[in-house]
Amino acid sequence: MRPLLDEAKRRVDRRLSASRQSLSTSRIFPSALPERLKDDHDAQVDYTAPPGGGGTKEGHFQYMQQSIFGMIAAVGSQSDFHARFDDSSDSERDTDRPPQKRTEKESQATDAPPSSKNEKKALRSPQRPKSPSQERGRRHRKTLSGSRILRPLMPGSSQRQGGAQTEPSTGNQMSRVPSPERPRSTTPRAAPVLSRMVEAQALFDSKGSMNQSPRSPPAETQEEQSQEQTSASPLSLRLMEMFGFESPEKVLVEYACSLVQSMLLQGYMYVTEGHICFYAYLPRKSTVAIKSGYLYKRGRKNPKYNRYWFSLKGDVLSYYADPSNLYFPSGHIDLRYGISASLSEPKEKDREARDFQVTTDQRTYYFRADSSTSAKEWVKSLQKVIFRTHNDGDSVKISFPIESIIDIEESPMVDFAETFKIRAIESGETYAIDEYYFSFFNDGQDAFNFVKGLVSESQAKNPSRESPQPGRTTPQSRARGSRARWSLTSGLSQVLGSSDARRRRSASASQFSPGRDAAGLSPTSRQRDLSESFVNSFDQATESSTVLQSMTDTAESASQILNRSDVFQYPAMQPFRRQSLSEDQFGRRHSDETARSTNDIARLGPGITPRDVQRFYPPSDSDHDAQDAARVQQSASSLNELVRAGAYPLQRAAGLAEYLRNRSKQMGTLLASESMGYIEKVSGMWAGGRRHYGEAEGILPDDQDVDPEDKEDGCNHGDRFRAHFALPPTEKLQATYFAYLHRVLPLYGKIYVSQKKLCFRSLLPGTRTKMILPLKDVENVEKEKGFRFGYHGLVVIIRGHEELFFEFNAADVRDDCAVTIHQHLESVRFLSESGMLAEQEQDESEAAKAEHRMLQEARKDASGGLIPQTPSDESPEIHPIFDDPRASIINFKPTESLRITCLTIGSRGDVQPYIALCKGLLAEGHRPKIATHAEFEPWIRKHGIDFAPVEGDPAELMRICVENGMFTYSFLKEASMKFRGWIDDLLSSAWRSCQDSDLLIESPSAMAGIHIAEALRIPYFRAFTMPWTRTRAYPHAFAVPEHKMGGAYNYITYVMFDNVFWKAIAGQVNRWRQSELGLKATNLDKMQPNKVPFLYNYSPSVVVPPLDYPDWIRITGYWFLSEASDWTPPADLMAFIQRARDDGKKLVYIGFGSIVVSDPSALTRTVVESVQKADVRCILSKGWSDRLGDPASVKSEIPLPPEIFQIQAAPHDWLFSQIDAAAHHGGAGTTGASLRAGVPTIVKPFFGDQFFFGTRVEDLGVGICLKRLNVSLFSRALWEATHSERMIVKARNLGQQIRSEDGVATAIQAIYRDLEYAKTLARQRSIVSSTPFSPTPSAKTVAEQEVDDDVTDSEEWTFIGDETDIDISRRVRGRAVSDVDMLPEPLAVRSPELAQ
């Protein structure tokens, strides 16, 4: 048995190492199971079988334990669970061996020395263009070993020396991930195949010069620079490095200010002898949703607007048909290629604009908001995201020479800051005039006067500056000379702050003009580039348009395969160029070099001109000189304008004719090869299978049935994957599988597993289903039987969402997919727990922080320790202009003290949460009262809480269950005679106990609260310990199935239970309403229980809030009542605990509550033998021997061995903190206590909600849910709970989350927020159901005066929900209007008046 490792790093190393055992898809053992824990003869025996033989066919029986609903609902709660260990476990482990073999091969491949073709691509530097050999090396990357997930965790993965990035080693470090850029030949926004081939001609001549190295400055220049740097201040040296000055410049003054664009960028202005510089440190991009809500979107060809739910998250604007199903988007817009977001001019001038548009490099999207305010907020949010994506770094740098400033003037924009505008002219050939706005919260006038003085002096020195002569500089001279610069860079491209260190869109002025609009380009440049783009392509681009694919790739849908053919695409007009390429240069049709080189231009962003291409690719010696090239560009621009204004049909014909004339041979080869590719793609798509990808996203060499050409072209798989789902380049593809997704009907498609995402894309023609599921939202993966014969199922359990079902053709493919997802779940959880970022993200963040920190230190040294501060140093957000800095937080707390009644029935576990809540309400100044059974009165009053009695002893119901069995014939016979009187007493006593209340909070088990609140016209809340609200995420707690059944089944369990439960009590409740409450008879439609605000007192970390919960359903956290401070543990118990620690034995707690079993002695013997077999020490709470159903079954007690210590009672919060694992029945309170302590939990459920919480414990991976209780299974569960490091870590982390929650405080705030909504519902119901005998407020005029307001309020609130509820509310409002004249005179003044 391998030793257990405590350190998190070593744990993950063991889990992710190449030689690890494959993960099981059910429960994973940390090491081999001891021989003594193998299955014994009693593996199928259950010693908790019920008395009287009332069990089910599986020996599975349910008991009334803590809730009153057992008598009504237990017939629907009969459920079963998989055995934790059965005969199929060994076979499952065998099926996991192929991935292990693959991992070993990967490890061997990693240790081998890399070949020239497998060398990793080095980082692109602006001063070191890539050689052709390096460019060719892109397609042949070294595959990653099986421990690739652990690579970012290894120390020393990157080194930085002298501000430059060193190339990582091939064997031990991950290749540097490029910044967000266009996928190469696979971008969905690329031109058609023929057009891309023609466009590629422009790049072949320039590619030959890529291997030229930059010229180093002369030695004399270096010596002069070193002398200058010696005498310069640290701040001057730092600014020289950051902004690329030729020599250090003395810093005259600095100010804290904000650059005003479409948002405020807080930073610093540095005024040197020759430049004005601005620097702002930006945070990393957020991964949370920035904004979400409903919008209307116009179709691509249909002018009709359709309503969708939009979510702006990261760089992507996604939209959904159903807001509760956020893993299946209807589409997305990649804002990395966004140009602008702006409001549209309204058709009517007197109306405010509700329409806005988002322009990307290929398409304009049109939207409509519900209001002009909403439209403005969306536009601001989109502008901010587009700005961030253009930056894609962690800092903003601007510098321009003082001599280029034309003028400076004050430009007041906001009242709380002084703003002035600087107009500067760009040095170079365009002389574009740029405007910069700077806002100062302090010292604005001083800054204005100082800069204005410098400008005046500069103009006096250079009087002829206003009429500059055109001149040309090379890219290198421009990069080092005086020029206006707008550089949006990250820390990795820091030395000269130069352009495009990794081809990012945000470039310095050496490539782009600094005068940029929201697109980041100057208007003149943008107009010219758009016109050229208009000529170049008439492709009808779509969100998932055709992409250049590999000939044998199986990732194609049928519709995409047809779109691949160039015959079905519009030809593009070739722009007129002076030079042409030789035939042999362009002859390599099937080489990826052509497509990739073409796309290098596209990756630079929209509006890139031939001049920009020449800057990016330095011209070779054989090219024309710069002036000749400029004339060619001017000529081409003029001719393009003529073509654009000329005959449109001629463009298609000319383009096609020219192509057929010059490339007829390539055309024939293209059609012949692609037609064969279609057949291969379709056959491969339906053949299915699986593929794994290495670090460079090439197919691993040991994958079966892989075409050799696919291996060579494998690096494109990741690009296509990211293009399909608009994912960043950091998302690396790991594996793909072909499978069916079961929703309504099985949908064939492809599963993609990446580092952080689980994605699915349908491949059937006419379907557009896509799924993007973050792995952090996946709780577990389980293997199931397929829905269809011959198929193998896989269930993905998701946090707060219904399960997803996949079907595979082969069991080994299903098992491989399950193991792969499990492995990635472990790595994702470790990364999130340790707070580690992706390697590139971490490097960029640290580099930018280091640069910012060094600048701060230099400023501090220059100012003698005193530096000006920005209003918000290192602000976490970019602030929109004119927006309030933070919305005011409304205080919902009532001004007066409220009389709050909490109504509940049941056992001690049902009352304890209300005591904790009432103690919190007491602290808030309210007057709470608990109405429950009389036996709990001393306990309640001990905490200073008022008490009111409620009839109906639950012990009577327990006696019926014990003596007759659950839902047997004798049970139904006796219950029909005794239970009716029990309900009548409960309803009448509850009505009396709830008088003099301003607010009623009730457990649904009491059955009377909603009617009492209706009669008293007071707000009504519900609170419970188990799910009671309809959802597709979880089944009803009393109807947990043996297997996962999906969202439809989950939802129908609530509907069925509500109807069955109401039918059982409807007759008695309606008679009570009429006789005592003076209300009309009601039904479920009139009560609308699903509209009632609900408080669930369990942790959102245990039961994640479902996505389809409405706003008034709150999961607040556990309402724990801490009583350990008043309890002193016995000395013998403390001695037993200390002795176990001294012996090095694990300590467990076992207690199943007051359950009833047919043979208590057999259960005791099972516990004793299991403890001894697992070799643990046990604290036992043996409640099952104290309350036997049949006195004749009393037998002699089994003596307890010294390994077991029996206790009668102990506070859970103290006891569970002393143990290593807990085994209990799974009640809501006990489960919460064990999970809060952070110990693994074993649940053996007996009744009702215990099955639900047992399932949650197992799904979360923090414990085990046992189907049967015997020595074989129980001993194995005890051993695993105390030895499984994976389970122990998960339980510890979950305990930390639960302890950080404050459920009582959250519940109180939820009550305050929903109080007005609850009042509205109460008034609405009371108006509809009132009779002349109803108790109402004391004045008739008050009731009549509020009639109109009540009807209005009901319309406002009831429209929140589905259509069925709206129709119901309309019928209710109609009856309310007809019953207005029948409002009764008040008969009682005991009820409080409503808050007006």
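For all residues, glycine too, the Cβ spot is worked out from N, Cα and C.
Residues or ranges marked as UDP-alpha-D-glucose binding site in Swiss-Prot: SER907, ARG908, ASP910, ALA1210, HIS1212, HIS1225, GLY1229, THR1230, ASP1249, GLN1250. What Swiss-Prot records for 1-16, 35-44, 82-108, 585-595, 846-862 is compositional bias 'Basic and acidic residues'. Per Swiss-Prot, compositional bias 'Polar residues' is recorded for 18-28, 156-175, 459-479, 487-497. Look at Swiss-Prot and you will find 237-288 tagged as domain 'GRAM 1'. Look at Swiss-Prot and you will find 289-387 tagged as domain 'PH'. According to Swiss-Prot, the feature domain 'GRAM 2' maps to 719-785, an assignment based on sequence analysis. According to Swiss-Prot, the region 'Disordered' annotation covers 1-59, 82-193, 206-233, 459-531, 576-635, 841-880.
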Residues near HIS1212 (UDP-alpha-D-glucose binding site) in space but at least six apart in sequence (CB under 8 A): GLY1229, THR1230, ALA1233, SER1234
Secondary structure at ASP1249 (UDP-alpha-D-glucose binding site), reduced by DSSP to three states: helix
For SER907 (UDP-alpha-D-glucose binding site), the number of other Cβ atoms found within 10 Å of its own Cβ: 21
Cβ neighbour count (within 10 Å, all chains shown) around GLY1229 (UDP-alpha-D-glucose binding site): 22
Secondary structure content, the domain 'GRAM 2' (719-785) (per DSSP, counts of residues): 10 helix, 38 strand, 19 coil
ASP1249 (UDP-alpha-D-glucose binding site) CB neighbourhood, other CB atoms within 10 A: 26
ASP910 (UDP-alpha-D-glucose binding site): tally of other CB atoms within 10 A of its CB: 25
In three-state DSSP terms, the structure that ASP910 (UDP-alpha-D-glucose binding site) belongs to: helix
HIS1212 (UDP-alpha-D-glucose binding site): secondary structure state under DSSP, collapsed to three categories: helix
In three-state DSSP terms, the structure that GLY1229 (UDP-alpha-D-glucose binding site) belongs to: helix
Model confidence over the domain 'PH' (289-387) (mean pLDDT, whole number): 85
